[in-house]
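K.L.:
Below: one structure in structure tokens.
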Amino acid sequence: MRLNYIKLAGFKSFVDSTKVPFPEQMTCVVGPNGCGKSNVIDAVRWVLGESSAKNLRGDAMTDVIFNGSNSRKPVSRASVELVFDNSEGRLQGEYASYQEISVKRLVTRDGQSSYFLNGSKCRRRDITDLFLGTGLGPRSYAIIEQGMISRLIESRPQELRVFIEEAAGISKYKERRKDSESRMRRTRENLERLTDVRDELGTQLAKLQRQAAAAQRYKTLKAEERTLKAQLQALRWLHYQQQCDRVEAQLRDEQTELERWIAEQRGSERGQTELRERQAQLKADFDKAQQAFYQCNNDITRIEQSIQHQRQLADQRRRDLDEATLQLEQLRSQLDEESAEAELIAETLLQLEPEFELKQAELEESSERLLELEEALQNQQQEADALAQRMRDRNQRIQVGQTELAGMESLQQRLDVQYQQAQTRLAQLQQQNLQAEQAQLSATLSESEQQLEEAEQTYQAAKQHSLQQATDLEALSAEVHQLNSQRQQVSGRIASFEQLLASAEPAQQPALDSWLQGQAHAPSLLQLLEVDTRWQSAVEAVAGPLLHAPVLRQAEFETLLQAPLTQGGLLHLTKTAEPPPAKSLATRLSGDAAHLHLFRHVAVVADGEEAAELFGQQSYLMAVDEAGRLYTPDGIQQPTDSADSVLAWQQNLQQLQSDYAQLEQQSAALEQRQRELREEKQRSETELERIAGQLRNRQQQVLEQRTELQSLQQRLEHQQQERDELEQSVEELSLTLAEQEERKLALEDELDSLRSEVSDQEPAEQLQQQQLSQARQQLQAVRDQQQVVQQDVYQLQLKQQQAQQSQAHLQRSMQRSSSNEEALRERIAGLQGQQQDQDTTEQQEELAEALARREDAEAEKQAFAEALAEVDAELNVLNSGQQGVQQRIEQQREQVEASKLELAASRERGHSLLEGLQETGYALKEVLEAMPEDADEGEWQQRLDKIARALQQLGAINLAAIEEAEAQAERKAYLDSQYDDLNESLALLEDAIKKIDKETRQRFRKTFDQVNSDLSQLFPKVFGGGSAYLALTDDDLLETGVTIMARPPGKKNSTIHLLSGGEKALTALSLVFAIFRLNPAPFCMLDEVDAPLDDANVGRFCRLVQEMSESVQFIYISHNKIAMEMATHLAGVTMQEPGVSRLVAVDVDEAVALADAS
């Protein structure tokens, strides 16, 4: 497989339709800088699918379209077509049987790219898949552009791995594996979602089948329950209204008592305020006296330190005087030594002056001789340069003439070819019939537009259905939110009753709790009681505060006496086989509580008369009726408010917990329906996306057909314009051919004359060069002699300068020593005077005065401290009395707060009952009017309990259970089928990935070893020695990167980055050619890769390319003469018209001339 030719039109600087043929295995593209040679490389990269404008040396993809020049307008589109010879069947698949493969890409100003494969429109992916495994691609190793050499050799391990993969032909396996992994990921996600849905659906289906039978029974009981609840709540609301009035009166009395105690407290606080003000004044006076005392201490310390400092200063002055005297003696000795040294240096300077004058005269004589020789040499050089310039001018004119002559011959050939091509193209244009093609395309566009309209209608209908589903889901969400609000209200009421029950419990007794831990399980009496609602008041009246008392099982009475009981009660339970008396309250109880003596010896009576009869018989000491009235032989006790009944609270709590469980069931059902609606909406959205995708495809199809029709119209216009231009071009070419023949003959005569003149001047030029060489040798000898004299003069000057510098240094040192001697004499006189001026008598007197002031300040401070202590004692007495009043106020406030809490609790209970009544849909006034006058809360509660037990026995109810069960069964069967299909698909995909991974490892390892072997052979061949090898960065052959190590001859570099530019280029070429040996791409394109190489390396590079051209087609751009001579075919690119590239045929001599010109 090889590249036959490239056809460009409107691509970058190739505005006209240009065909670049590649008839040989080695084609070199030549031309001046900036003429558009690299655009040929960009065109190949672009048509193979390059999507980055940056890699095409642009900012946007539309930059590849010709943007106009001084004489040309911009064009609207660009196209590039590659035509391959596939006679060897290198390409696989459906195109293996084609002898010729055409790949084309077209882009318009709107940025839309179109791809064509053998004239049929295709996707970019189809072009990529076509060349997978062949080594061709937009960024493959087959195309090496300017700057890519350094990027290749310095690329990261994962980037270098891509080249090995492409050579191994596993890039197509990677694409397939990537697609398989993507499908596996989606399949697993679908399988997980499907499994969750199936599990949840199976659970729901089982529940629905159990719930269907109880639906009707539930409706009947629920209606009766709502009516009874409303009436019971109305009865309880009346009770709490009465209780609120009683607590309000009690609260007013307690607040009056609290205000009396607060007034007493305020009177006591006024006395405390006066004492605190006096205390603050005394404290301020004490602080002031203490500050004066501290100031006296500071003054004493300062004076003592000053006296000590004067003594230390006197000692320091004595030491300074001794040191100055010693320095004065040393300075006198130094002055004597420096005077002797100065006399010795002056004698040395007198001896150097005669020798220096002699050498200076010899240097002046040598300089004059050197000037004479340089002037003579300059005159000879000017004459030689003038003669050489005349020779160069003639030789250059000969070369230019030869180039012009070759260009004329080439131009004449091209003109002949263009003339024949223009004639052939005119004949082709006359045979084309684009109008019929335009009519057929217009009909196809009309049909596609009609299909587009139908697709838009389908999309709008699907979109409307999806919006309706969204509305239904929003309504269901509102219903779920309302149900959750009800659950929160019930949860709040449950918390209120739990708080009431907790507040009714007695205070904790840590000692009793610790004691009970050592006994058997001791539940409270309230936990053991199992009593009908009818007898709750009676049981609570008898038990009283013992409701929360712990009950010990199997314990003797003596054991209870050992308990550390501080408040409340303690019971012991002993089961007996003897039944309780017939009229005993224990007969109304169930469970273990019926065995307590507390209830066995209390009679149950209808009224007080029956109680009196029992007491007359002396069979019972206590009796109780159903309303909770307690009878004893000594009197009667009325029951407490039933609304404050702990047993009633317990029963309400249980009922609310049952209601909460039912609301949770309803909420779960609604949430299930909500999830189903969401799934249906998701399916609708998926279908909507599918329809939208079809709509976009239709729109894209119509857009492409419109673009194609517009393109065809432009082709018609262009065809007519081209026909006119061709006819005119044929006439112009005939005239140009005749003119070129005349100019060629004249140029040949001029070249013969110039060659004769050059031959005559060559002997004179050689003689002139010999004379010039002799003059230069004589001049060099005089220069060497002058340098010797200059060195002697320099040495004498250096000795003089050193002696003068030493003399100046001694003079400055003697001056400094004299100045220092005078300064030391003055310092000694000053120190002797300071010793006589020191006296500390005045400071001793000041110290005595400061000590007297400190004694007075200390006495004043002690007086203020005693007065302050007296005031503190009086304040302590007042504070003790104030604490007693404060404690009484706190106790009274606690009573007020307790009453407020009780009032708030009663109001809250009444408000909660009223809210609960409103939630049921009943009005308080209507319920009170419809309720019987003799309605009793206990009886109503019993009826509700009976209905609640019946509802509880039914369990959770789903009113739509039957219909939902049928629908869910059908859905589960469908999901089971999908589950089996997905599992089967997943197994197939996993098997495919295992096969791909196995094949990839084998191919990668084999290719890596072969490329590494070829690289180790090619590198020494290119460099003339050295070594290079590839290395893997990881053991995993699927993910490992590849690094390259290269060591040119004589170097031991540790990294590839230390190589020079030329070494990097040769190393990269060695790697590329090693890959080509294993898996040669159809062609290899090189863009000035020999630029950083010297002639020797270019020669080795050329020999290697020539050797490999037997199996690989090479197309390269170069300015090097050696590389041009190597090519078997040259293609020239010129830009005679500014901004427009044209192709010209050239021979090797003309290419060399173009290279010199550039």
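Backbone N, Cα and C atoms are what each Cβ position is placed from, and that goes for glycine too.
Automated prediction, rather than curation, is the source of TrEMBL annotations.
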K.L.:
According to TrEMBL, which listed range is region 'Disordered': 674-699, 700-725, 830-855?
P.N.:
830-855
K.L.:
Taking 269-290, 445-466, 995-1016 as the choices, which stretch does TrEMBL tie to region 'Disordered'?
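P.N.:
From TrEMBL, the annotated region 'Disordered' range turns out to be 445-466.
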K.L.:
Residues of the same chain, at least six outside the region 'Disordered' (445-466), with any C-beta under 8 angstroms of its C-beta?
P.N.:
681, 684-685, 687-688, 691-692, 694-695, 698-699, 701-702, 705-706, 709
K.L.:
Looking at the coiled coil (646-792) alone, can you tell me the average pLDDT?
P.N.:
74
K.L.:
If you count other Cβ atoms within 10 Å of each one's Cβ, which of the binding-site residues P32, G34, G36 has the most?
P.N.:
G36
K.L.:
What does DSSP call N39 (ATP binding site) in the simple three-state scheme?
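P.N.:
Going by the DSSP assignment, N39 (ATP binding site) falls within a helical segment, counted as helix.
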K.L.:
Using the structure shown, find which entry in N33, S38, N39 (the binding-site residues) has the sparsest Cβ neighbourhood within 10 Å.
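P.N.:
Taking N33, S38, N39 as the binding-site residues, the minimal 10 Å Cβ count falls on N33.
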K.L.:
In sequence order, which same-chain residues at least six apart have a C-beta under 8 angstroms from C35 (ATP binding site)?
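P.N.:
Result: S13, V1133, T1134, M1135, S1141.
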K.L.:
Can you list, in sequence order, the residues of the same chain other than P32, N33, G34, C35, G36, K37, S38, N39 whose CB lies within 8 Å of the CB centroid of the ATP site?
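P.N.:
Not counting the recorded site residues, we get S13, G31, V1133, M1135, S1141.
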K.L.:
Note down the number of other Cβ atoms within 10 Å of the Cβ of K37 (ATP binding site), including every protein chain shown.
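P.N.:
A count of 22.
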